[in-house]
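Some features that TrEMBL has for this protein:
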type   : residues : note
REPEAT : 7-39     : repeat 'ANK'
REPEAT : 41-73    : repeat 'ANK'
REPEAT : 77-106   : repeat 'ANK'
REPEAT : 107-139  : repeat 'ANK'
REPEAT : 141-173  : repeat 'ANK'
REPEAT : 174-206  : repeat 'ANK'
REPEAT : 208-240  : repeat 'ANK'
REPEAT : 241-273  : repeat 'ANK'
């Protein structure tokens with residue numbers, strides 16, 4: 001439901017998607033149904049204009065009475081689409097006209113979550129100021145805005161969310177923390193920000209007992225491994241299977257990481273359980 005529908009469209013749908021202000025004005029002067037939805041995806045003219053970032057068209061539609069709360073068939077609202085595509089002016093306009101900042105799509109992804117996912121830090125600011133919950137999680141994976149921003153390596157967005165009060169150690173359904181996912185992807189700048197904010201270097205996942213240092217070592221992220229060790233990570237901490245960072249790095253052939261771990265005192269005789 002992210003792509004606009006191609007079936008059951010009216011002239012107003014087409015004009016709104018194109019950003020054709022004159023055509024929209026003309027159509028609104030007739031008896032057109034401003035909240036008409038396309039047949040297959042349920043897109044409204046306001047939703048299509050919001051998705052494309054056509055702020056003047058959005059303004060016209062809202063002034064003419066377009067409903068800000070009507071979603072498509074995936075429960076995605078105009079605010080959701082404006083947020084995921086980073087259209088700050090449209091986001092502000094929708095909020096001024098009563099859009100609910102907390103309504104997510106069918107996966108439970110809120111406007112703040114998708115803005116964080118894409119690294120739209122200015123939109124994140126707008127949503128937070130409008131009362132968006134920084135701890136609102138997705139329905140299935142229980143992922144939060146800070147977690148997805150960290151996983152994607154969006155340093156500025158991570159900083160904004162932390163300043164807004166996001167819990168630096170909040171875990172998803174598998175127990176993966178923001179620090180864990182940032183370490184997994186090798187986003188060392190994000191790792192630095194999270195550590196400075198008080199992230200727990202020893203916080204393990206609930207599923208496998210894996211820690212940030214272990215996953216960074218396994219993935220071969222030398223700089224991230226170094227940062228975690230400097231922050232006090234236990235070089236010999238094992239997961240639930242007894243796999244240590246040194247074992248994981250050795251198994252994957254990451255010789256540079258092996259050197260760093262050995263220099264930090266890794267036990268070459270430590271066995272798996």
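Just so you know, the numbers here start at 1 and follow the chain as drawn.
Cβ from N, Cα, C; glycine included.
Helix, strand and coil counts under DSSP for the repeat 'ANK' (77-106) come to 16 helix, 0 strand, 14 coil. For the repeat 'ANK' (107-139), same-chain residues at least 6 beyond its ends with a Cβ under 8 Å from one of its own Cβ atoms are 77, 79-80, 82-88, 91-92, 95, 101, 145-146, 148-149, 152, 154, 156-157, 160-161, 164-167, 170, 172. On the 0 to 100 pLDDT scale, the model's mean across the repeat 'ANK' (174-206) is 98.
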